[in-house]
Amino acid sequence: MTYIETPPTHLDQLKRKVRETVNNLPKATQEYLASLFPIANWLPRYNLQWFIGDLIAGITVGLVAIPQGISYATKLGNLPAQFGLYTAFLGALMYSFLATSKDVTIGATAVLTLVVGQTLATYAPAGSTPTELVIFSATLAFWTGVLELFIGLFRIGLLVDFVPVPVVAGFTSGAGIQIVIQQLPGLFGVKNVNTNNAPYQVLIDFFTQAIKGISIPDTIFGIVSLAAIFTIKIFAKLGSSRVPWLKYIGYLGHAIVLLIATGISYSFRNNSSVSFSMVKNIPYGLSGILEGNYSLPYAADVFRALPSVVLVAIMEHIAVVKTYGRLNGYAPDANQEIVALGLINIAGSFIGAIPATGSFSRSAIKSASGVRSPAASFITGVIVIISLFTITDALYFIPNATLAAIIINAISDLVNFRVVKPAFKIEILDFFGFWIAMWVTFVSSIEISLYTSVLYSVLVLLLRIARPQVKVLSRAPDGTWLDSDTAKYYIGKTLITSAPNGVLVFKIDESISYPNSAYFLSVLKKNVFENFSYTGRVISNSDRVWCDDSQERARKLERRKGKPLVPLRAVVFDMSAVNRVDFTGLQAFLDAKSDLSRFTGHSVPFYFAYVRPPQINTLLHVNRGDQSNYEGTPGVGLAETTSIRLNPFKRTKDPVFDGGATLNDLRYFHVSVDDAVCAALEETEPLKFTRVYALSPVEDYEIEVS
């Protein structure tokens with residue numbers, strides 16, 4: 001059956017979309033503004049049962065956020081401890097109003113804070129004081145938030161989808177390994193190791209300095225703390241099946257070990273013979289607040305570090321949000337999450353907060369603690385604020401080795417090799433992406449690894465677009481058309497038949513656009529030249545283009561196969577997987593038609609099946625030059641089919657092309673491959689002729705083709 005209604009032009013579609021957008025603008029604007037504050041949607045339904053779950057989860061995560069915030073700020077960001085706590089409370093408080101995920105906790109994270117620490121070492125002015133580093137970090141948070149807000153408000157968060165899951169896993173795994181290596185000097189009290197170097201260099205320096213001597217007190221605090229955290233978690237995991245509340249002991253392992261280690265450290269405060277590294281001064285309350293430098297001249301250095309920080313923040317946050325949305329059966333809004341992230345980082349810059357994002361470890365604890373709504377984040381923020389006003393004096397005595405142990409344990413979930421085996425079985429390029437991302441992280445910095453991961457992902461995407469699967473189809477008994485690879489697994493594969501003689505059925509599994517149009521053209525011509533006879537005009541060697549060897553190739557093929565090949569009558573394209581044909585793609589069709597017409601000696605008609613209406617106007621160009629006496633009979637195709645009419649489109653006063661589209665143009669478009677093949681057989685006559693190949697003065701031979 002053929003299409004008998006002229007489809008809309010691209011201009012018609014654009015006008016319709018503009019008209020619909022204008023008509024829907026008031027409603028869309030209202031919905032858009034409402035989406036910026038998701039709390040308005042769920043707060044009216046808040047109840048006591050939700051509050052109980054949120055209270056437990058909020059307190060639990062708050063007690064975890066305190067040691068992690070201190071650890072990340074001091075050990076990874078090389079910043080004063082209080083700024084990790086400022087980041088934790090502000091992120092949690094604001095996120096409760098802006099979140100579309102109930103499980104995620106915002107604050108300083110291991111990977112992002114490590115990126116910030118490396119950024120400070122690379123881009124901050126040489127010789128910066130701790131205060132100047134905080135100002136640089138806060139300024140970085142501000143501009144990170146501005147860019148995130150722009151991305152979220154204009155709904156372009158889809159950019160993070162260009163990096164596949166295995167590559168993200170490789171990047172985070174490499175970052176996790178780097179973090180573990182960087183904590184080894186702190187865990188054993190080894191001095192004079194620059195932890196901002198590449199991980200392999202940190203390892204070399206660590207062992208070189210460790211030979212000279214390690215700090216016994218630091219080593220004891222570090223190893224015992226690490227062993228205690230793992231023991232508590234294992235004990236809680238094994239015992240929670242019988243005693244459910246034990247799981248909370250496991251979640252609070254960091255806080256418990258930190259409390260005990262701080263108490264032991266405090267007991268040695270007057271013992272000068274025992275020396276070990278401690279956190280020391282943390283200002284009371286919010287008295288240590290600093291803000292960024294928002295002048296544009298100062299921002300010049302910050303802008304150089306901005307891309308890596310923004311990419312890591314968004315990638316990590318969206319990965320966490322999507323993971324727990326999928327696990328708990330709800331669909332978070334990725335763009336709104338980026339808006340929330342942007343507003344939090346902008347606000348955080350005014351109190352010296354570190355750039356923040358979603359935390360995997362704290363979100364896992366929050367989810368497992370029975371959280372019911374984003375209100376739990378508010379409770380977490382309150383817990384952290386209380387700690388700033390009550391226990392800052394005690395935090396002075398926290399051993400740095402214990403913080404290193406907390407970080408090593410906290411990032412254990414980041415190292416994820418579970419995707420390696422499935423990636424190897426499913427898609428080898430994703431498998432390589434994992435290892436490339438991980439190893440580049442090991443031999444360089446997080447920033448370089450990030451750029452390498454993104455570049456690799458984009459190149460793979462472009463490769464898949466530029467080299468799509470282009471297949472010759474055969475017909476199965478049930479009417480489906482299969483390529484040779486699929487046919488191997490078809491139950492009735494012995495009954496599969498090729499297309500009728502002289503008809504080539506071709507399928508492209510991708511939109512035809514400028515990256516792949518040349519490849520599509522070359523594969524099509526290769527299939528025709530290898531499977532159909534050369535019936536074009538015989539040209540002597542003296543008259544041929546120097547690179548034209550089509551006649552020689554045709555002769556060799558027919559001799560190798562031992563029988564004459566059939567001439568090409570028509571080509572049928574299965575366009576079911578093609579969503580778009582751009583200008584270069586159309587040019588590829590026109591070039592293919594021209595080349596095949598020279599090869600056959602007549603105009604080869606191109607028939608199309610399953611073309612989406614918006615692309616019909618584009619493809620009408622392909623056969624416009626064909627001459628035919630065909631008058632147009634609705635219903636061309638299989639005997640039992642009838643013509644259909646598409647949903648009416650708005651017709652324009654001016655023709656789509658010169659002279660307008662007619663039935664003669666639309667007869668090449670069909671709703672199934674069977675229809676298109678039948679039309680090709682009905683409308684093209686088998687060619688009967690005798691062709692003499694003038695290949696050389698002594699090697700002419702004659703083939704009769706019928």
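One-based numbering along the chain as shown.
Just so you know, glycine gets a Cβ as well, placed from its N, Cα and C.
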Of 248-268, 311-331, the range TrEMBL labels transmembrane segment: 248-268
Segment assigned the feature transmembrane segment in TrEMBL (from 48-67, 668-687): 48-67
Two-stretch contact, the transmembrane segment (79-98) and the transmembrane segment (424-442), at least three Cβ pairs under 8 Å: no
Secondary structure composition of the domain 'STAS' (493-620) [DSSP: H/G/I, E/B, coil]: 55 helix, 18 strand, 55 coil
Outside the transmembrane segment (248-268), six or more residues from its ends: residues with CB under 8 Å to it: 56, 60, 63-64, 66-68, 221, 225, 228-229, 232-233, 235-237, 240, 274, 276, 278, 365, 368-369, 394-395, 397-399, 402, 405-406, 409-410
Interface check, the transmembrane segment (104-126) with the transmembrane segment (338-361), three or more C-beta pairs under 8 A: yes
Best-contacting stretch, by C-beta pairs under 8 Å, relative to the transmembrane segment (338-361) and drawn from 133-156, 373-391, 424-442: 133-156
Winner by Cβ pairs under 8 Å against the transmembrane segment (373-391), considering only 48-67, 133-156, 219-236, 424-442: 48-67
Distal contacts, the transmembrane segment (219-236) - CB-CB under 8 A, six or more residues away: 186-189, 246-251, 253-254, 256-257, 260-261, 264-265, 276, 399, 401-402, 404-406, 408-409
Model confidence over the domain 'STAS' (493-620) (mean pLDDT, whole number): 84
